[in-house]
C-alpha cells in the first residue's frame, strides 16, 4: 500500500514538472514532420501535372 502511495506521489510530481516545461523539442519535431508532409504534397501535385501533360501529348499523337 505504501508503494502505491509513493508511486502516485512521484507520478504526480513528474506530471507537474513535465507539464510546466517548454515543449520546444516536441515543437521542432512537429515542424520537421509538417515540412516533410508539405514537400510530399507538393511533389505529388507536380508529378500529377507532369503525368497529365504526358497523357495529353500521347492523346494528341494518337490523333
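FYI, residue positions are counted from 1 along the chain as it appears here.
Glycine is no exception: its Cβ is also placed from the backbone N, Cα and C atoms.
If you check Swiss-Prot, you get these features:
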MOD_RES   62  arginine amide
SIGNAL    1-23  signal peptide
List, in sequence order, the same-chain residues at least six positions removed whose CB sits under 8 Å from that of residue 62 (arginine amide)? none
What does DSSP say about the residue listed as 'arginine amide': helix, strand or coil? helix
